Amino acid sequence: MSGIRPVDGRANLTSAQNLLSTGEAEERINWVSKALCRATDPDELFVRGAAQRKAAVICRHCPVMQECGADALDNKVEFGVWGGMTERQRRALLKQHPEVVSWSDYFEKRKRRSVG
């Protein structure tokens, strides 16, 4: 998962803006604790190039794949495999849908359309 490290050791505006509310933090802890990759060596998920597709295999049956992908897209996480998506796949989605404010909402709407 990502973290913010101020260069000079002091908190900055960016880090303050990225703090989660208590409810958001609890929600995130809830889904992260269910992730299949939680016990995986992070080095296996933060690989480059074609190795990312191989790394994404663990995501296929993950019960929180949608939440993970939405979190990575909402936070514009640049590196690693998240929600079964490679870096390139996430960049493409962000470029194709710059209007999306909440990727969780976007995925839910898309899921409802495909079911109904």
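Positions of Cβ are set from backbone N, Cα and C atoms, glycine also.
Positions annotated as domain '4Fe-4S Wbl-type' by Swiss-Prot: 36-92. In the domain '4Fe-4S Wbl-type' (36-92), the DSSP tally of helix, strand and coil residues is 32 helix, 2 strand, 23 coil.
Taking Cβ-Cβ distances under 8 Å and a sequence gap of 6 or more within the same chain, the neighbours of C62 ([4Fe-4S] cluster binding site) are A35, L36, C37, C68, G84. Sequence annotations record features per position, and here Swiss-Prot assigns [4Fe-4S] cluster binding site to C37, C59, C62, C68 based on similarity to another entry.
All chains included, 24 other C-beta atoms sit within 10 angstroms of the C-beta of C68 ([4Fe-4S] cluster binding site). Sequence-ordered, the extra residues of this chain that approach the [4Fe-4S] cluster site, with Cβ no more than 8 Å from the Cβ center of C37, C59, C62, C68, are A35, L36, I58, V64, M65, V81, W82, G83, G84.
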